[in-house]
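For reference, Swiss-Prot has these:
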type	residues	note
ACT_SITE	His157	active site, proton donor/acceptor
ACT_SITE	Lys161	active site, proton donor
BINDING	Gly10, Ala11, Gly12, Gly13, Arg14, Met15, Glu36, Gly100, Thr101, Thr102, Ser124, Gly125, Asn126, Met127	NAD(+) binding site
BINDING	His158, Gly167, Thr168	(S)-2,3,4,5-tetrahydrodipicolinate binding site
Amino acid sequence: MSDMRLIVAGAGGRMGRTLIHALHEADGAALVGALEAPGSELLGQDSGLLAGLGPNGIPVSADLWSLSKDADGIIDFTVPAATIANVAIAAERGIVHVIGTTGLSASDNAVIKSVTSRAIVVQSGNMSLGVNLLAALVKQVAKSLDEDFDIEILEMHHRAKIDAPSGTAYLLGQAAADGRGVPLEEKSVRSRDGFTGARGRGDIGFATLRGGTVTGEHSVIFAGPYERIELTHRAEDRMIFARGAVKAACWARGRKPGLYSMADVLGLGSQS
């Protein structure tokens with residue numbers, strides 16, 4: 001089979017540049033388009049030079065419709081508004097859409113789900129093998145321990161991250177809620193300030209830290225009577241997310257239309 005031809009959305013961002021590197025090194029996949037927002041000062045620049053590689057002859061463009069004419073898929077780590085705009089075009093073109101964008105609202109996710117009857121979408125708050133294995137472990141531990149064990153999720157990222165809690169924190173929270181058989185939206189506690197009263201039994205708490213250049217750290221804490229279990233993942237390089245996203249795109253090629261997760265890609269079974 002020929003290389004999968006991929007577009008990188010948000011080509012000038014941290015993840016976009018890392019994805020261009022990943023595709024430069026990848027077997028079975030190749031970069032054919034680099035997408036940025038209309039009006040970006042990066043438009044027209046060589047995407048290889050932008051990523052710190054040599055020139056690759058692929059200029060940054062704002063026209064996804066034209067780029068997608070000769071592509072098999074798009075990898076999208078952007079912002080919610082851009083991702084939702086890209087969803088419609090990717091579905092119309094019939095190309096795979098890998099979504100790593102975080103901070104999506106319930107209505108955004110509804111839009112994404114609405115196209116999956118005719119489009120192939122892989123969506124995850126985290127594309128790394130380690131985090132998705134962690135989510136599977138969290139689900140199992142939450143299922144095994146009753147509400148005598150309180151669940152808290154602690155995450156830390158670099159100072160420039162604009163959404164909180166992280167998409168990975170939500171993924172882990174969902175895994176914990178699934179293990180307990182409860183709706184996350186009813187049990188999640190995302191802020192504590194002032195006189196909050198005692199912790200609610202069965203709550204799933206989230207705590208957020210921001211600072212420095214931290215790529216990503218997540219811990220899920222099960223705090224029980226006189227003992228505590230902590231499951232932790234530390235990301236040391238964004239390349240783990242980029243390689244996971246490329247793997248997801250290649251895996252999705254030729255699949256039936258639908259909404260898939262990294263658990264599907266990695267053969268871990270459904271986490272929902």
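From the backbone N, Cα and C atoms, a Cβ is placed for every residue, glycine too.
The 10 Å shell around the Cβ of Gly10 (NAD(+) binding site) contains 25 further Cβ atoms across the protein chains shown. Cα distances from Thr168 ((S)-2,3,4,5-tetrahydrodipicolinate binding site) to the recorded positions Gly12, Arg14, Glu36, His157 are smallest for His157. A 10 Å radius around the C-alpha of Thr101 (NAD(+) binding site) takes in these recorded positions out of His157, His158, Lys161, Gly167, in sequence order: Gly167. In this view, Gly12 (NAD(+) binding site) is surrounded by 21 other Cβ atoms within 10 Å of its Cβ, with every protein chain counted. Within its own chain, Lys161 (active site, proton donor) has Arg210 as residues 6 or more apart in sequence whose C-beta sits under 8 angstroms from its own.
The Cβ of Thr168 ((S)-2,3,4,5-tetrahydrodipicolinate binding site) has 27 neighbouring Cβ atoms from other residues within 10 Å, across all protein chains displayed.
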